[in-house]
Amino acid sequence: MSMVDEPLYPIAVLIDELKNDDIQLRLNSIRRLNTIARALGEERTRKELIPFLSENNDDDDEVLLAMAEELGVFIPYVGGVEYAHVLLPPLETLCTVEETCVRDKAVESLCRIGSQMRENDLVDWFIPLVKRLAAGEWFTARFSACGLFHIAYPSASEMLKTELRSIYSQLCQDDMPMVRRAAATNLGKFAATVEPAHLKTDIMSMFENLTQDDQDSVRLLAVEGCAALGKLLESQDCVTHILPVIVNFSQDKSWRVRYMVANQLYELCEAVGPEPTRTDLVPAYVRLLRDNEAEVRIAAAGKVTKFCRILDPELAVQHILPCVKELSSDSSQHVRSALASVIMGMAPVLGKDATIEQLLPIFLSLLKDEFPDVRLNIISKLDQVNQVIGIDLLSQSLLPAIVELAEDRHWRVRLAIIEYIPLLASQLGIGFFDDKLGALCMQWLQDKVYSIRDAAANNLKRLAEEFGPEWAMQHIIPQVLDMINNPHYLYRMTILHAISLLAPVMGSEITCSKLLPVVVTASKDRVPNIKFNVAKVLQSLIHIVDQSVVEKTIRPTLVELAEDPDVDVRYYANQALQSIDNVMMSS
């Protein structure tokens, strides 16, 4: 093809592919827009490609979503910021389609382009676009408009700003709940760009309209706006305008609104200051912790530590702890689970005495909970308590419960305990660990669940790193090697895995004298799975032992395995032999 015709080729292919019946071809074509734009050059991209895309808007949602995403990063291909406005028409069309995710992506791309546009271009092109969308006949256009005001507003003149505030106020009272929801969602962003004088008047009146909406889906989004607006207002205004709304919302007839309040309440405490928090927000939070709807209690329980951090410890002990005690025996397992996931964080907040007196009994009751997730959540955060009450008290009060959980019927709970053991070991020290937990670590190697056996092998490696090779030689290696004669091949495989993990920690001498002979003996096993795992272990030992040991012991064993009747054994033996040859060549 001649050089003259070449630029025509990509656009022709694009148009063909964009009209193809195969959605994948159309998608690929959209994904390659930047390549096509580079081939066409900036001017032809502006004059041919972008108008073509503007007309091509009745496609599959997946293609439109890809187009909305690509156009957001298209400024360099149309000639830079001064020509950014040419990208607005196709995105404006995408803002009106029915599929929500396409509209959202188009709004996101418009915001990205708008934030780079020059001020006069924003006034000439972007603000008229926002006004057109806000006046759109279909709710989809008005819905999309709500997400663009915070980009348009700062560069507008005083008269235009007044008009934009008035338009947004109308959107907050739109007939369609979907539009009011979008207005509620974006109010915080818009408010952040509005001048303080108008914040107290115009924005607060919009906010009040949304908080009194008859649709709970609008009111619950207004709750999110409370925290955003609270941060923008001065403390006194926050107490006057936001606090009464939140207190009312905490008693809203819709549980979904109360759920949102429970999630957001701690953020508002910072905005209103300590005194209103004590008098108004603490009672509201206590109400939510005792709500008759489990979902609300879950949300409130999940934020209990964050809320306590904002309060004085005495207030937390006086008002919040009684509720925490009630929640620890809540009828809903999900409430108890949410509480268990955060309650350990209360220990540093309340201090040593309150933790010992008030929290420890709650921890113990949750550790014995019938629902495994509750027990799991407590175990995974034990270190936070240790920092407060010290290891002696922890070992006396909580360790018996931990040992009990090591044999829990749910394997995920046993797994969480195993993963916690190295941390516990480092805190308890060698002596205590040997007495109480050593036997458990060996017992897990023969668990019925593979994930537990695998984690137990990794646990031994981490313990050997923590306490050193001499301790491991005395307490781990002899017991591990004894298990290689277990009648069940799956347990013998676990021991091979443990050996491969321990060898790098133990060093060359112990590997050659203690570990390698056991592996070589296992190569004579009658089960093919054991034999090909032997080949894998031997391959991992090549870099640990001396070259002479590789030639004298490892290579002959692998040569023997390479002639095994089983195809997998031969494959892994040959892989290992190949590794030996590679090491020889490199050295």
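In case you wondered, yes, glycine gets a Cβ from its N, Cα and C as well.
As written in TrEMBL, here are the features:
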- 10-48: repeat 'HEAT' (REPEAT)
- 164-202: repeat 'HEAT' (REPEAT)
- 203-241: repeat 'HEAT' (REPEAT)
- 242-280: repeat 'HEAT' (REPEAT)
- 281-319: repeat 'HEAT' (REPEAT)
- 320-358: repeat 'HEAT' (REPEAT)
- 359-397: repeat 'HEAT' (REPEAT)
- 398-436: repeat 'HEAT' (REPEAT)
- 437-475: repeat 'HEAT' (REPEAT)
- 476-514: repeat 'HEAT' (REPEAT)
- 515-553: repeat 'HEAT' (REPEAT)
- 554-587: repeat 'HEAT' (REPEAT)
Same-chain residues at least 6 beyond the ends of the repeat 'HEAT' (281-319) whose Cβ lies under 8 Å from its Cβ atoms: 243, 246-247, 250-251, 255, 258-259, 261-263, 265-266, 268-270, 272, 326-327, 330-332, 334-335, 338-339, 341-343, 345-346, 349-351, 354, 358
What residues elsewhere in the chain lie close to the repeat 'HEAT' (10-48), defined as a C-beta under 8 angstroms and at least 6 residues from its ends? 56, 59-60, 62-63, 66-67, 70, 73-74, 77-79, 83, 86
Summary of DSSP states over the repeat 'HEAT' (164-202), given as helix, strand and coil counts: 33 helix, 0 strand, 6 coil
For the repeat 'HEAT' (515-553), what's the model's average pLDDT? 86
Kindly report the helix/strand/coil residue split of the repeat 'HEAT' (515-553) according to DSSP, in that order. 29 helix, 0 strand, 10 coil
